[in-house]
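To keep things clear, I will list the structure first and then write my remarks on it.
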Amino acid sequence: MDDFLSISLLSLAMLVGCYVAGIIPLAVNFSEERLKLVTVLGAGLLCGTALAVIVPEGVHALYEEVLEGKHHQASEAKQNVIASDKAAEISVVHEHEHSHDHTQLHAYIGVSLVLGFVFMLLVDQIGSSHVHSTDDPESARPSSSKITTTLGLVVHAAADGVALGAAASTSQTSVQLIVFVAIMLHKAPAAFGLVSFLMHAGLERNRIRKHLLVFALAAPAMSMLTYLGLSKSSKEALSEVNATGVAMLFSAGTFLYVATVHVLPEDTSTNQSGSSLSPRPLPSGKN
C-alpha cells in the first residue's frame with residue numbers, strides 16, 4: 001500500500017508540475033517578437049533536455065542496478081573468500097561477467113534509442129499520409145505538424161510513465177525518486193516548449209490547453225496503469241532486464257525525433273523566412 005500511495009503522490013505532483021510549467025506562456029501576453037524568442041527558447045529546451053538530461057538519465061538507470069549488483073557481489077566475495085588463490089579465481093569470473101553485462105547493456109542503449117526514434121518516424125509518416133489525403137494539402141501540412149508534435153510528446157510522456165511505474169514496482173524509494181526527478185527535469189521544459197510551439201503555430205488557446213492537458217495526463221496515467229497492471233512475476237522479470245532504463249531510453253528516442261525533426265526545423269525555417277522577406281520590398285518599385 002505504501003508503494004501505491006507513493007506512486008499516486010508522484011503522479012499527482014507530475015501532473016500539476018507539468019501543467020503549471022506549460023501554462024506559463026499562455027498566462028503572459030507576448031508580442032510577436034517576444035513570441036518568436038519564447039518559441040526558440042522552447043525549441044532549445046526541448047533539444048537540450050533530450051541530449052543533456054533524458055539520454056544520460058536513461059543510461060544511468062540502465063547501469064545502476066548492474067553496478068549495485070556488482071558492488072554487493074564484491075562485498076560478499078570479500079567476506080566469504082578465505083584463500084588468496086580462490087579470491088583471484090572469483091575476481092576473474094566477476095570480471096568476465098561484468099564485461100558480458102556491459103556488452104548487453106550497450107546493445108540495450110542503442111536499440112532502445114533507435115526503436116523510439118523509428119516508432120515516432122512511423123507515427124509521423126502514417127499521420128502525414130492520412131492528412132495529405134485531404135482536399136487542401138498545403139493547409140493540412142501545418143496542422144499535421146502540430147498534431148505530430150503533440151502526439152510525439154504524448155508518446156514520450158507515456159513511455160516516461162511506464163518508466164516510473166516500473167521503478168515503483170521495484171519497491172525501492174531511491175529509484176522512484178531518481179526517476180521522478182529525471183522525468184520532471186525534462187517534462188517541465190517540454191511542456192513549456194510544446195505550448196510555445198503551438199502558440200507560434202497559431203493554434204487557439206483553448207485547443208492549446210487541451211493539448212497541454214493530454215500531455216500532462218499521459219505520464220501519470222501510464223505510470224498508474226503500469227504499476228497496477230504488473231503481476232509479481234512480471235515485476236521480477238522487468239527488474240532483471242532493467243525495464244526502467246530501457247523505457248527511459250525509448251522515450252528519449254521519441255523525444256529526440258520530435259525535438260530535431262519537427263520543433264527545431266519549424267522554428268529555424270520561420271525565422272529564416274521572416275528575415276529574408278523583410279528587406280525585399282525595398283528595392284521593388286511595384287505597389
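Backbone N, Cα and C define each Cβ position, glycine as well.
Features as listed in Swiss-Prot:
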type	residues	note
COMPBIAS	273-287	compositional bias 'Low complexity'
CARBOHYD	N29	N-linked glycosylation site
CARBOHYD	N242	N-linked glycosylation site
CARBOHYD	N271	N-linked glycosylation site
REGION	268-287	region 'Disordered'
TRANSMEM	4-24	transmembrane segment
TRANSMEM	35-55	transmembrane segment
TRANSMEM	107-127	transmembrane segment
TRANSMEM	147-167	transmembrane segment
TRANSMEM	177-197	transmembrane segment
TRANSMEM	211-231	transmembrane segment
TRANSMEM	245-265	transmembrane segment
Chain residues in Cβ proximity to the transmembrane segment (245-265) (below 8 Å; excluding those fewer than six residues from its ends, i.e. six or more beyond): 42-43, 46-47, 49-51, 54-55, 57-65, 108-109, 112-121, 124, 145, 148-149, 152-153, 155-157, 159-160, 162-163, 166, 179, 182, 186, 190, 193, 197
Listed stretch, out of 4-24, 147-167, 177-197, 211-231, that has the most CB pairs under 8 angstroms to the transmembrane segment (107-127): 147-167
For the transmembrane segment (4-24), distant same-chain residues with Cβ under 8 A (at least six beyond the ends): 161, 164-165, 168, 173, 176, 180, 183-184, 187-189, 191-192, 194-195, 209, 212-213, 215-217, 219-221, 223-224, 227
